[in-house]
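Student: TrEMBL feature annotations, pasted as is:
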| type | residues | note |
| --- | --- | --- |
| ACT_SITE | SER285 | active site, charge relay system |
| ACT_SITE | ASP373 | active site, charge relay system |
| ACT_SITE | HIS406 | active site, charge relay system |
| DOMAIN | 256-455 | domain 'BAAT/Acyl-CoA thioester hydrolase C-terminal' |
Amino acid sequence: MRLNMFKPDLVYERIRTVLLHIKPLNNQHLSTSQLFSTIKDLRNSSIIVEPKTAIFDEKVKIDLCGLPPGERVTLHGEVIQGEKQIIYASCGHYTSDPVGFISVSQHSSEGGTYTGIEPMGVFWSMKPAPGQPPNTRMPLSSTSLPCVYNLKVYQGHLSLDSIYNSKLALNVLATSQHERWLKKPGVTRIEVDDPKVRGAFYLPPGDGPFQGVIDMFGSRGGLTEYKGALLASHGMAVLCLPYFKYKDLPTNMMEMDLDYFEEAVNWLLRQPKVSTKGLGVVAISKGVENAMAMGAYLPQVTAVVCVNGFPFMTISDLVSKGQVLLKGAQVSPELIKFTDEGLDIMEIYPNPSEIIPIWKGKAKYLFLKSLDDFQMKPDLHLDLLAVCPESKKRDIEVVQYPGAGHLLDPPYIPLCRTAFNATVGAEMKFGGQPKEHAYAQEDAWRKTIEFLKNNIPSS
């Protein structure tokens, strides 16, 4: 039922209650004069985002104030990312309460790109806006600049298509901006151009010693830094390590050299503010094979987080000192499935090569497995457990996520079901359902940080 009675005093009281719980960056409550000045400014419809600036894995509180009671509105989010300046967008449908107030963390979205009570839905449900290139993974290439999100409140319940393609003038009730950073203030980035190691090194503020972590990505190659920057924001010293398609590194992934990864381990442990007693490795997809091999053969590695990877070498052999340690499994191309969403390659390794012998090392392992992943079978860890000695199994933890896709990122980064992989030269089907994937990312990231902090020596 739509309420026709607009009661300003109730609106202002609700806003006052909200503002009393807001703490500015200096951790001090607003003064009485600041409070009532702000309330006066908010007599018109407004969007309050707290905190105004956050890091990517941090939750924020979004409130919509000063609306007419019972007003149907759309909360619209938009961000422009990457060299191609692609627009990513989302929307949620809400109805204001009897005093014209909506708390996104308490009120349910009735439609749009997300539904239900989803405090961060406006961020994790983003996708390329109508008219933008579809099937593009939201790029997070700069850790020194924020992603600037533009938030708007429209009158009525509008779809993204209506927002971007309507020929009618839309009634904008309120606007705001919110910045999300990939690293906290004080985290420094150092380019690594050692004679034998390439990458980027992220160091938290302070004297340390900090727990050291090596972060690796998958088959697209190159240097990817956003996860490392976020881990450094949680107090770890992180080396973002490329291993092909970067500077003078190999141009393909036909051979993985354990000696290179050992050089990276030794480089990180030599850094003055890094704990020398051991380090951790985090990897996704193709990088998982390298991470597992490091845990198996390099005693300095004490903790390994494996996100959706194979327990055996794929395509490339693992070599050391010119000798083959592990043969790479060969692809059976006839088992590739061509779908409308890209290549499904779950079945392309019918005869896996030898399992990476993680029991040779002392590292502990956290395997994070997405069950809607079309790049690999979700039960591949069973091949590992089948040959792993019982004494080593206590060092292995497996967490499975129904509805999550291959590209399991830190929290609130949007799902990408399909994207072009330049190394493969084709669109790949990564899978995932938006809400389930978002929940999985929150849990997996929390478990990753806890696992690393608990299993890397800190002094």
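The backbone N, Cα and C atoms fix where each Cβ goes, glycine too.
Give me the structural setting of these features: burial, nearby parts and distances.
Tutor: Listed in sequence order, the residues of the same chain lying 6 or more apart from SER285 (active site, charge relay system) and placing their CB within less than 8 Å of its CB are PHE217, GLY218, SER219, VAL307, ASN308, GLY309, GLN375, HIS406. SER285 (active site, charge relay system) falls outside any helix or strand according to DSSP and counts as coil.
Within 10 Å of the C-beta atom of ASP373 (active site, charge relay system) sit 22 other C-beta atoms, taking all shown protein chains into account.
DSSP classifies HIS406 (active site, charge relay system) as coil under the three-state reduction. Within 10 Å of the Cβ of HIS406 (active site, charge relay system) there are 25 other Cβ atoms, across all protein chains.
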